[in-house]
Amino acid sequence: MQIHKVGVIGAGQMGNGIAHVFALAGYDVLLNDISQDALTRALALIDRNLGRQVVREKITEAEKANAIGRISTTTTLTDLGASDLVIEAATERETVKTAIFEDLQPHLKPDTILTSNTSSISITRLASRTDRPEKFMGLHFMNPVPVMQLVELIRGIATDEPTYKTMLGVVESLGKTAASAEDFPAFIVNRILMPMINEAVYTLYEGVGNVRSIDESMKLGANHPMGPLELADFIGLDTCLAIMNVLHDGLADTKYRPCPLLTKYVEAGWLGRKTSRGFYDYRGETPVPTR
Ligand SMILES: CC(=O)CC(=O)SCCNC(=O)CCNC(=O)[C@H](O)C(C)(C)COP(=O)(O)OP(=O)(O)OC[C@H]1O[C@@H](n2cnc3c(N)ncnc32)[C@H](O)[C@@H]1OP(=O)(O)O
Ligand SMILES: NC(=O)C1=CN([C@@H]2O[C@H](COP(=O)(O)OP(=O)(O)OC[C@H]3O[C@@H](n4cnc5c(N)ncnc54)[C@H](OP(=O)(O)O)[C@@H]3O)[C@@H](O)[C@H]2O)C=CC1
């Protein structure tokens, strides 16, 4: 199937990155969010991140302008009805995602492919709530989308071969590398990464180290580009907690128990960079550890 028009739902940090890479690869992108402010912020961020690529001579000014020209925005979900491919990148909550697909599907063409950028939720279960489980897949980008090479492709139990092949081609057309993962809680990357982040929060909770010493240890001692707590703030602590809950519920093993301190930060609304406070406080000139 030929994909030209791409609808992206959710204009948070993932949605804006996904819109960015699709527009740069020549697709027409319609970006949707319930909040006009989120759409305005997303367009400004896309402009800034494309600008970085111009400065670093990865793309030209003309390519940047063309990419921006291919992105439109809407707060009306049903405007995405003409899309060939829909990528849902809204908040990591199953009820939110299910409601989006249920509201959208009566307006779609019969052959539109539906995908979710979920970090952890069962693709089979999301697909089963739509009218086209055979044309439904997980399409899991990594953050920051314009930089990270990997895209996980997750087939639900009913996903058909033409849908999988089409999505493999789409990932290739973005210049990215696909890795296929089976449909189990949190797939591959987050099955491995998130327990490490959760363990870093336990290390903090138990007083083994403080925010700075834990992050320095993993950066200088294990060559990670970001410390685990800095990375958790970058991903979003609400998203980290949601993924740990899916692992804990889905695999029924206490080793996935979310750290109570992670829960407390989320309860405080300290979600990391996106709320300017998490394991670090970002409100000043430089990030300051909160513990
Ligand atoms: C939760 C999930 O479901 C799955 C996930 O995504 S898990 C998270 C996966 N992501 C990671 O693990 C990221 C780990 N961190 C890193 O790799 C690096 O710190 C980083 C790439 C984010 C930044 O690297 P850095 O060396 O500190 O910064 P910097 O030198 O300024 O930037 C490196 C490149 O990234 C780009 N960049 C940095 N931040 C960016 C952003 N937020 N958006 C777009 N581009 C960005 C820069 O323009 C630069 O591009 P080029 O190399 O093409 O010139
Ligand atoms: N953060 C990360 O590193 C990664 C996240 N993901 C996944 O991508 C998805 C998005 O995450 P992320 O971008 O970080 O989250 P953000 O919180 O940054 O953005 C989510 C956006 O979705 C919006 N939204 C909520 N409900 C709806 C709706 N019904 N219709 C349209 N938009 C809606 C939110 O609006 P509002 O703020 O007004 O509620 C917000 O703007 C999640 O499934 C997450 O697990 C995947 C890979 C990496």
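Cβ coordinates come from backbone N, Cα and C, glycine included.
Remember, TrEMBL labels are computer predictions, not curated facts.
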Q) Can you tell which of N49, N143 TrEMBL lists as binding NAD(+) with G10, A11, G12, Q13, M14, G15, D33, E92, K97, S119, K274? A) N143
Q) For M14 (NAD(+) binding site), what is the secondary structure state per DSSP, taken as helix, strand or coil? A) helix
Q) What Cα-Cα separation, expressed in whole Å, is found between D33 (NAD(+) binding site) and H140 (site 'Important for catalytic activity')? A) 19
Q. DSSP on N143 (NAD(+) binding site), three-state: which is it?
A. coil
Q. At its widest, how many Å does the recorded NAD(+) site span between Cα atoms of G10, A11, G12, Q13, M14, G15, D33, E92, K97, S119, N143, K274?
A. 20
